[in-house]
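Quick notes on the structure that follows.
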């Protein structure tokens with residue numbers, strides 16, 4: 001894939017010399033903006049905060065306190081927290097046009113919208129003591145995101161808004177860490193009104209994602225290939241490709257194949273003219289250890305804590321020789337689920353096995369033509385998901 005993009009760069013240079021591909025090559029302005037700038041660009045108010053976890057990680061979170069047509073000084077608006085998926089960031093919820101982005105639609109519907117970022121991504125790469133240049137900083141996975149990131153962020157929102165509970169919307173890994181957190185931390189679970197799970201991932205036994213190829217490699221080989229720190233960060237080269245190459249119609253298919261390598265995509269349900277915006281904010285990075293945790297999940301077919309590789313390390317972390325399984329049947333949070341029939345990450349078979357384990361399932365919808373990214377990028381997402389999601393929130397408020 002990198003060879004294809006390098007070839008695209010040469011073609012771009014040659015094309016510019018001869019005036020080739022002049023049409024359709026203007027970058028969207030949001031491709032060169034950060035999250036706050038995108039929110040402001042579309043006329044919405046925003047606030048930025050740093051949230052510090054108990055283990056010292058500093059997370060960047062963003063708030064859209066109200067919509068464009070809503071006055072700021074009114075009665076408190078119900079808080080909604082949106083949590084992105086694997087190797088992604090809060091930008092996922094705002095990278096489409098306002099009438100197609102969940103964060104903006106919620107704000108315009110009268111909600112106080114909060115956007116989270118998992119440790120190690122572009123907007124959450126700080127620590128009280130550790131340097132991101134050190135392997136120690138990157139010694140985390142799903143376990144720490146569920147144990148530290150979600151409680152810190154949710155408690156911060158509750159304290160800031162003065163509300164006792166909030167709505168939680170997660171996509172992909174954003175659902176995984178929620179299932180873990182809400183099943184192991186009953187006090188945190190009590191603070192959730194409804195858990196909206198988009199493309200939920202608890203087991204990946206049947207996944208067809210290229211991520212599965214990691215399972216064929218030993219940990220030693222993975223660390224030789226990727227190191228022991230950051231996996232798939234957003235680089236200056238990525239930004240160049242996004243804004244100078246992928247904004248051109250000629251290269252959109254190549255770029256989309258690169259961007260959606262792990263998840264797949266349907267060009268018929270994406271606004272391909274915004275591909276430069278998608279690629280300029282993704283991938284946003286995670287830790288190699290987190291990817292090893294996902295490889296472990298593929299191999300085991302179960303949701304369990306990270307296996308540290310030897311019994312001594314496991315004893316130190318878990319007080320037992322093997323990593324414990326997570327029992328999501330203990331989660332009592334009202335849960336609504338949407339999954340896709342073409343999803344190669346949250347495979348329909350895995351979701352089918354998940355449903356009976358959810359103690360309080362209040363809504364379920366299978367969208368036959370959906371793949372993994374349609375839940376936040378799909379052009380028909382407002383009709384397929386967001387309208388019903390907002391109706392469920394309104395019904396909760398009325399009751």
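Each residue, glycine too, has its Cβ placed from N, Cα and C.
Here the structure is a predicted model, which means the values were calculated and not measured.
The feature active site, nucleophile is assigned by Swiss-Prot to 172, with similarity to another entry given as support. Look at Swiss-Prot and you will find 343, 372 tagged as active site, charge relay system, backed by sequence analysis. Taken from Swiss-Prot, the feature disulfide bond applies to 246-255, supported by similarity to another entry. Feature annotation from Swiss-Prot assigns domain 'AB hydrolase-1' to 78-378; the stated evidence is sequence analysis. Swiss-Prot lists 271, 327 with the feature N-linked glycosylation site. Here Swiss-Prot flags 1-19 as signal peptide, drawing on sequence analysis.
Each of the recorded positions 172, 327 was ranked by the number of other C-beta atoms within 10 Å, and first place falls to 172.
Here the candidates are the recorded positions 246, 255, 271, 327, 372, and by Cα distance the one nearest residue 343 (active site, charge relay system) turns out to be 372. Checked against residue 172 (active site, nucleophile), the recorded positions 246, 271, 327, 372 differ in C-alpha distance, with 372 being the nearest. For the recorded site, residue 255 (disulfide bond), the DSSP three-state label reads helix. Packing around residue 372 (active site, charge relay system) is summarised by its Cβ count: 30 other Cβ atoms lie within 10 angstroms of its Cβ, all protein chains included. When the recorded positions 271, 327, 372 are compared by Cα distance to residue 246 (disulfide bond), the shortest distance belongs to 271. Neighbour counts of Cβ atoms within 10 Å were taken for the disulfide-bonded residues 246, 255; the minimum is at 255.
For residue 271 (N-linked glycosylation site), applying a Cβ distance below 8 Å and a minimum sequence separation of six or more within one chain yields 96, 97, 100, 377, 379.
For the pair residue 327 (N-linked glycosylation site) and residue 372 (active site, charge relay system), the Cα-Cα distance reads 24 Å. Its Cβ taken as reference, residue 343 (active site, charge relay system) is surrounded by 28 other Cβ atoms within 10 Å in the chains shown. According to DSSP, residue 327 (N-linked glycosylation site) is assigned to coil rather than to any helix or strand. Note: the CA-CA distance between residue 255 (disulfide bond) and residue 372 (active site, charge relay system) rounds to 17 Å.
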